[in-house]
Structure formats: C-alpha cells, structure tokens
Amino acid sequence: MATNQPYQASLATLIVNQALAMSVVVLVVSMGGIVGYRLAPSPALATLPISAQVLGTFMMLFPASYLSNGLGRRRGFLIGSAIGVLGGLLAVYAIVQASFWLFCLSTLLLGFENAFAQYFRFSAVEIAPPERQSQAISLVLVGGIVAAFLGPGLARLTRDFWVVEFSAAGGAIALLCLLQGLLFFCFYRADAAPAIPAVAASGFSGSLLTRIPFLMAVLSGAVGYGTMTLIMNAAPLAIEQGAGLPFAAATSVIQWHIFAMYFPSFFTGRIIKAVGTVSVMLVGLLFLFACGFIALSGQSYAYFLSALVLLGLGWNFVYIGATDLLTKSVPADKKSFAQGLNDTLIYLCNTLGSLSSGILFARFGWQSLILLVLPILCLNFGLLLIFRAKLRPQAA
C-alpha cells in the first residue's frame, strides 16, 4: 500500500486525467456523428466514427490490462497517452482531407487510448485503503464532471476555429492526451499493481463464471453501458437531424448528460455504504426506465434534456455499483483476468450499441431505438431482484 502522500498525489492525478480522457471521448461523441454525417458515403454510417472509438476500446481492453500489469500502471498509462496523441493528429489530417475512413481510423486509435483510461478506477482501488475503495472509485469518476463542460465546449470552440470545420478538434484531442502523459510522468507515484503470478494471469479462469456476484456485475455493467451508448450516440442526430434543433442544443444536451453521469460520484460511494450495492444498481435501472419513457413522450429540447440527464444518472448508479460488486467478488489472484473480461464484455455491448445506433436511427427513427432497450432493462432488473433476494440481509 502506498504511503498517504503518494496516494493523494496519485489519486489526484487519476482524477485529473479521468477528466482529460473523458473530455476526449465526449468531444468525439459531440462532433463525431456530425463529421461522420458529412463525410460518410451513406447516412447510416454517420455514427461509425463514434463506433470506431468504442470498438477500439473493446479491442484494446485485454492488452491494456496485461500491459499495465506487466509494465506497471504508470508505463501502461503513458503508452495509452502516446496512442491518443497519434489519434488526435490523424483526426486533423483526416478532416482536412475529407477522408471518412481515415477519420474512423483516428477515432479507433482514440478508442485504444480510452481502453487504458478504463483502468484508472481499478488503479484507485489498488492504492486506496480498504475502507476507502468505494469512495476512490467515485472520486476518480468525478473527473467526468469537468469533461461534461470541457468536451462540448471544445466541440463548439473548434468547430470554426480553422479552415475546415472541426479540423481543430483533432489538435485539441492531441493536446489533451499529451497533457495526460505529462501528468502521469511527473506526478503518478503510487505503488505499482502487484504482479500476478503467471499461472493466474495466463488464461481463462472458469471459476469466475460460477460466481453469481461476478456474473451480475458483468451483466449489469454491460446493460447499463450498452443502453447509455445506444441512446447517447443517437441523441445528437435525433436532436439536429430529426427534431431540427440547432447544434448548440445537441452539445448542451450532451453536456448535461455527461454532467449527470459523473456528478453523483461525489456521493454514490456513500449511498452504496448506506443502502447496499445492489439497491443502488436497482435504482439506476429505474432511472434508465424513466429516461426511456420521457424520450418516447416528445422531441422538444426539454424532453431530450430530461431524458439524457436521467440516462446519465442511471448509468452512474449501475456502473459504479457494478464496479464495486466486481471488486468485492473477485479474489486477488484473478483480478487482472476479471477486470479484462469484465471491461471487454461491457465494451462488446458498448460497441454493439454504438454500431447499431446510427443504423437504427436512420432506418427506424428515435422512438424505435428507445423501445428496443426497455425489455432488456426489464430482464436485468428482474435478475437483480432475484439476486438480492438470495443475499444475506447485510450483503444486500
């Protein structure tokens, strides 16, 4: 365990870099669909650049987990930052050259960078005292509050900053990733994650699949993240192309959605300690239900804003709850494999949601897209209720 001073400095670094990494993701979400719509050979491919970012995260999750374990968290995070700089610079070139496929390649690289950022929260758990681990997860995710304003703000600022619309956004992304690397190099001094024995880290661990808490954590995290991605990625298109609202309305909705995703992190850890992990996850699913019902009720700015804020709140409760449940249900010698498997499965659903959002919106519209997720949420809610009923009262 790290001493108190390195722990505080390293936790602060993780929080700041979470804000920077999420700003990259939010910036791509804010402008990726619009750029894609203008460059793509078909409107159905408009969200493919955003999907490429999600796909890149999915592809790199296991390599990032094992690189960080083998080389240490700090070196792994530095590798991720370097990949992000390359992706940002390639985005500038792709937009200037009006190359849709190069733009998709650039966002794929940014997905690789985001894969390393997915382990910021696990690093916080590793360096935190046991009694502060839930709060450490929440505090790292608080960095996303900055991203809620920085990402859309940069999208608006860089839209007409240079000759080609949004070309300056790639430069902003490269600078954000460079700053991440500098902060990790200068200030991240926490003890490295302990090396996992080769036998434990070498491959499939079937015993994990017999652990019901682990399975519920993975399932709920995947459903929560997949639902959020499906709706969030389609929202800018639904707002601008479907409802005819201005681009500023789309960025505003995304901004408050991201804020709602991360602001509860100030107190989610305390709520988990007070009422239990599974109860928090159930409330999160209820927020996601409410998002769907409001999204089906109208297409004015107020409806989009309310639905996306509830989407963010629901994601926060489900995601932090699932992460907490995972960390409590996996033994130390299975940690690297479990984290990699968990995030890979989550990002598989995330990728499917992202890839299908543009296609579903183009072919069936906003309301059909929303209707798709409601039965999945019902199933997850029912399984969590059964799981909680079988827990001892103190574990619920």
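For all residues, glycine too, the Cβ spot is worked out from N, Cα and C.
Now, the feature entries from TrEMBL:
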DOMAIN    214-396  domain 'Major facilitator superfamily (MFS) profile'
TRANSMEM  12-37  transmembrane segment
TRANSMEM  43-64  transmembrane segment
TRANSMEM  76-94  transmembrane segment
TRANSMEM  100-124  transmembrane segment
TRANSMEM  136-155  transmembrane segment
TRANSMEM  161-187  transmembrane segment
TRANSMEM  208-231  transmembrane segment
TRANSMEM  243-263  transmembrane segment
TRANSMEM  275-295  transmembrane segment
TRANSMEM  301-323  transmembrane segment
TRANSMEM  344-362  transmembrane segment
TRANSMEM  368-387  transmembrane segment
What same-chain residues lie close to the transmembrane segment (208-231): Cβ under 8 Å, and 6 or more beyond its ends?
54, 261, 278, 281, 284-285, 288, 291, 295, 307-308, 311-312, 314-315, 318-319, 321-323, 325-326, 328-330, 334, 337-338, 341-342, 345-350, 352-354, 356-357, 360, 369-370, 372-373, 376-377, 380, 383-384, 387
Stretch with greatest number of CB pairs under 8 Å, the transmembrane segment (161-187) reference, 43-64, 76-94, 136-155, 344-362, 368-387 candidates:
76-94
Interface check, the transmembrane segment (275-295) with the transmembrane segment (368-387), three or more C-beta pairs under 8 A:
yes
Considering the transmembrane segment (12-37), which listed stretch of 76-94, 136-155, 243-263, 301-323, 368-387 counts the most C-beta pairs under 8 Å:
136-155
Is it the case that the transmembrane segment (100-124) and the transmembrane segment (368-387) touch, counting contact as three or more CB pairs under 8 Å in which the residues of each pair are 6 or more positions apart?
no
Two-stretch contact, the transmembrane segment (136-155) and the transmembrane segment (344-362), at least three Cβ pairs under 8 Å:
no
